[in-house]
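Here is the structure we will look at, set down as structure tokens.
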Amino acid sequence: MSTKLKTSFAVDSRYNAFYTGGKVQFSKDGSFMLCSSGNQLQILDVQTGRIHSTIGQNEEEEEITSFILSPDDQTLIVAGRNLQLRQWEWKENKIERTWKAVHNAPVTCMAFDSTSTLVATGSADSTIKIWDIIKQYCTHNLRGHTGVVTGVAFHPDIERMQLISAAEDYKIRVWDLMKSSCIAVLDKHFSVITGLQFTEDGDTLYSCGRDSVVVVWDLHSFLCLKTIPVFEPVESVLLLSPNMDYPKLSVVAGEQHFITAGSKGILKVWNTSKAACVYTQEDSPVALAARSREVEESDQRSNITQAIHCPSNGAITVVTFDHYIIMFDLEGFEVKKQFAGYNDDILDIHFLGEQESHIAVATNSELIKVFELSTWNCQILHGHTDIVLSLDVYQKGNLLVSSSKDNSIRLWQIDGDTQKMSCVAVGQGHTHAVGAVAFSRLAPSFIVSGSQDCTIKLWSVPDNHCGNSVTNLHANMTEKAHEKDINSITVSPNDKLLATGSQDRTAKVWNASSLSLLGVCRGHRRGIWCVQFSPVDQCLATSSSDGTIKIWSLSDFTCVKTFEGHDTSVLKVIFLTRGMQLMSSGSDGLLKLWNIKNNECIKTLDEHTEKAWALTANKKGDIIVSGAADSSIIVWKDTTETEIEEAKAKEEDTIIKEQELSNLLQQKKYLKAIGLAITLEQPFRVLNIMKEILSQPTGQQDLADTVLKLRMDQADAVLRFSVQWNTNSKHCHVAQFVLSVVLKGYPPEELMKLPNFKATVEGLLPYTERHFQRMKRLQQQATFTDYTWQCMKLGQSDRVKDNEASHSATNMETENFVGKTQDPKDGASQEMVDETDDLGERIRKAVQQRLKELDQISEKQSGGKTSESEHIEVDKGNGENDGENVITNEKTNLKAKKKNKNKKSDLTDLQRDQEEETSPAEKVTTRLEHAKKKKTKKGFKTPDSMNKRKVHSKENGITETNRSSKRRKSSAK
């Protein structure tokens with residue numbers, strides 16, 4: 001037994017319900033069997049017993065009422081309750097066409113002709129329609145029956161163009177398809193007609209019904225040749241070849257024989273000429289099942305619902321009412337293979353056989369089913385008369401014990417040669433249903449059982465087990481164990497202890513030899529469903545309806561660990577990996593794998609859809625079998641080692657491919673690099689490669705050519721990657737470019753064939769719309785910016801002309817000003833004249849600077865932007881230099897900026913200058929006058945005032961130096 005912790009299990013095989021009623025049909029070679037299961041048609045591989053394929057996996061489809069497979073094995077027609085016919089290519093699981101049946105009620109039966117071109121449909125509306133499969137139209141509409149049509153069949157000789165039909169009006173009608181009329185009515189039955197069979201020459205027809213007779217008809221004269229009573233309601237009649245001998249069946253060549261199958265559940269062989277039964281099947285499993293259910297002779301329920309003769313596999317297949325399909329050897333009616341079409345709820349499962357090649361399954365039935373895992377061949381164990389609730393197997397695998405609602409337990413033994421099981425002992429003594437049973441571990445010495453009568457019994461096992469006779473088991477001890485039903489019971493690995501779990505929320509540990517109570521484990525809030533001893537440690541595991549699993553110490557019966565993870569009741573728990581792990585199953589269908597050391601659930605298996613009642617593991621612990629109320633049995637295989645090896649191989653392969661990708665990028669083989677990155681599922685690596693291509697001078701054309709060279713599956717992957725790129729505005733341009741190239745470069749028909757194209761388009765649309773809106777807003781803003789710039793260029797050209805005119809006007813004004821200062825009456829010296837020239841130059845520059853600042857203010861205000869603080873400095877020279885530099889003071893201008901009236905006046909003056917049609921010199925003069933008035937109001941000195949003050953101060957012998965310095969300080973403050 002492996003001690004390495006397991007981390008994963010995968011489904012190795014499963015056995016689901018594949019037949020829930022209706023007809024069964026074989027393929028031409030007998031390798032496949034077609035069975036209806038609700039709204040699906042299951043195709044079963046006869047050799048392996050596994051479902052090969054499923055027809056109609058859409059859950060919204062209506063229930064299947066009838067189906068037929070063509071004689072050439074090519075066409076399958078399926079009819080449903082929605083009154084539609086569907087034509088399938090069943091080998092490829094592809095539907096070819098669907099059309100309305102034009103019936104007013106569901107189709108109940110169908111038949112193909114020998115050429116596989118015509119199909120007849122009989123309906124519950126008493127009509128029959130014939131369809132041409134090749135030309136796809138209805139050729140005949142036959143009316144005449146007064147009840148539900150129960151059977152239709154084409155005459156084997158296609159040249160006769162005849163159709164035979166039977167209905168619940170107890171009549172058989174013969175239709176001439178050339179005239180579309182009924183040419184004969186065969187009336188000899190007094191109950192529902194269930195079967196029609198033609199002889200090899202096509203001259204004779206055999207019909208059977210629930211009136212317990214078989215009628216032989218001449219198809220030339222349409223007269224009754226013979227009526228043979230068979231003394232039971234018959235569901236099917238099969239004809240044996242008159243050229244074959246079957247000594248075991250007392251069939252001699254040269255005479256016509258037929259086989260009947262009906263309500264008694266046995267096959268009978270009849271001689272037509274003698275009208276006598278020549279062979280009756282013995283020990284039929286169908287009849288044994290009927291006897292185990294204590295079916296009375298007066299019960300008219302048919303045990304066999306259909307019998308099929310498949311010449312290719314040389315067997316007669318019988319379908320029973322409880323969904324068993326049994327294949328009998330035609331030589332002596334020996335069972336060749338048996339399938340369970342529907343298992344109902346799976347209540348318990350255990351491995352069986354020395355090689356653990358079989359599993360014993362208790363279903364919601366009085367029968368025990370033993371499956372061979374390789375072929376799913378099923379053996380039925382008859383004996384209990386009520387539902388079997390629990391099973392247990394001796395560790396060597398050759399003994400099986402079962403408990404049932406019939407208040408008894410049974411001991412079964414498997415034959416090592418034939419692998420057949422038989423009951424060898426029966427134990428009776430409980431007064432209520434026996435819900436739990438367990439075998440001893442070291443030796444098959446005793447059996448312990450727990451019942452709904454709240455007692456446990458210890459049974460001794462006889463030493464000699466003879467399969468030919470059934471002995472009685474005796475209870476050595478009986479003990480009242482719990483206050484409520486006992487749900488589970490188990491034996492310790494050394495056969496010294498017993499443990500029981502009950503609905504009274506307690507688990508109890510008992511001495512196996514004396515049934516004395518050793519301890520009680522209390523802690524669960526609800527009833528306990530399962531108890532299990534650890535195979536190594538001295539501890540006990542319990543699972544409860546409170547959704548928890550607890551481990552109890554056997555030394556002091558205290559809880560040492562609690563596992564919480566199931567949201568519903570935990571129905572079963574087993575130990576794995578030498579007691580280091582647990583596997584549990586819940587009523588939600590989930591299986592969970594736990595590590596005991598750290599209380600961690602490391603794996604959850606979700607395959608069942610209903611309550612998972614049954615769970616078992618083989619001795620090695622690498623195979624687990626689970627069963628649930630969804631009628632499915634799943635075989636799980638340990639895949640821990642496989643996954644580790646696959647992960648290592650995948651990592652190595654990834655490293656190699658990464659290196660190869662780097663080499664391709666270095667060599668600039670972008671097409672191969674993109675394909676390799678797609679294989680590695682690295683969308684952003686592909687994005688970087690495409691960006692690298694776009695960075696080249698002819699990047700767009702190169703990228704377009706590269707994308708168009710990709711295979712369709714690679715193009716699909718690139719589109720799928722572009723959905724991720726498109727979510728980010730940084731990468732959306734590449735995504736949109738790739739999308740554009742793909743949509744323009746590939747035809748729409750090929751794009752629609754891509755598996756992920758629809759999902760890709762749905763993922764691209766929202767973000768593409770968002771990017772489009774963003775680009776639209778950017779385009780509007782760019783247009784507005786361009787418009788503003790054009791307006792600014794036009795205004796700038798006008799201002800340049802105004803500035804040139806203002807320069808000339810300023811020069812003229814300065815000359816006039818200088819001329820006044822050079823009055824000869826003043827008696828000023830030549831030095832005064834030079835100083836005056838310098839002053840005039842400085843004044844001219846100051847005025848020009850001020851004009852430029854005013855232009856800047858106007859431009860900024862016209863562009864909708866607030867101008868920054870204007871820097872105007874006013875420098876005053878001392879009296880000795882006879883000149884003062886007029887500049888703008890920063891703080892003074894900030895205060896002026898806050899006064900909106902001054903701003904508006906400046907803007908108004910500028911606008912007035914632009915509107916008035918005056919000469920440039922007049923504009924400059926007017927602008928200077930306005931500026932002088934503003935500066936005089938704010939404390940600024942004009943050149944005239946400065947000169948007058950200067951002359952006056954010299955006359956009085958007082959300089960303005962101190963005053964100017966004081967004013968400078970005050971303005972700074």
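Residue positions begin at 1 at the first shown residue.
Using the three backbone atoms N, Cα and C, a Cβ is placed for every residue, glycine included.
Among the features that TrEMBL reports, repeat 'WD' is placed at 100-133, 142-185, 186-227, 381-422, 427-461, 479-520, 521-562, 563-604, 605-646. Positions annotated as domain 'U3 small nucleolar RNA-associated protein 13 C-terminal' by TrEMBL: 658-792. For 800-833, 855-973, the entry in TrEMBL reads region 'Disordered'. Taken from TrEMBL, the feature compositional bias 'Basic and acidic residues' covers 867-879, 903-913. Look at TrEMBL and you will find 930-940, 964-973 tagged as compositional bias 'Basic residues'.
According to DSSP, the repeat 'WD' (563-604) comprises 0 helix, 26 strand, 16 coil. Taken residue by residue, the repeat 'WD' (381-422) breaks down under DSSP into 0 helix, 22 strand, 20 coil. Mapped onto DSSP helix, strand and coil, the repeat 'WD' (100-133) counts 0 helix, 19 strand, 15 coil. Residues 285, 288-289, 291-294, 347-356, 358, 360-370, 372, 428-441, 444, 447, 449, 451, 459, 461, 465, 467, 473, 619 of the same chain lie 6 or more positions beyond the ends of the repeat 'WD' (381-422) yet place their CB under 8 Å from a CB of it. Long-range contacts of the repeat 'WD' (186-227) within its own chain (CB-CB distance under 8 A, at least 6 residues past either end) are made by residues 150-151, 153, 155-157, 160, 162, 164, 166-168, 170-174, 233-239, 241-242, 256, 258, 260, 270, 272, 275, 302. Counting only same-chain residues 6+ beyond the ends of the repeat 'WD' (142-185), those with a CB under 8 A from a CB of the stretch are 108-115, 118, 120-124, 126-130, 191-196, 198, 202, 205, 207, 209, 217, 219, 222. Averaged over the repeat 'WD' (100-133), the predicted model reaches a pLDDT of 94.
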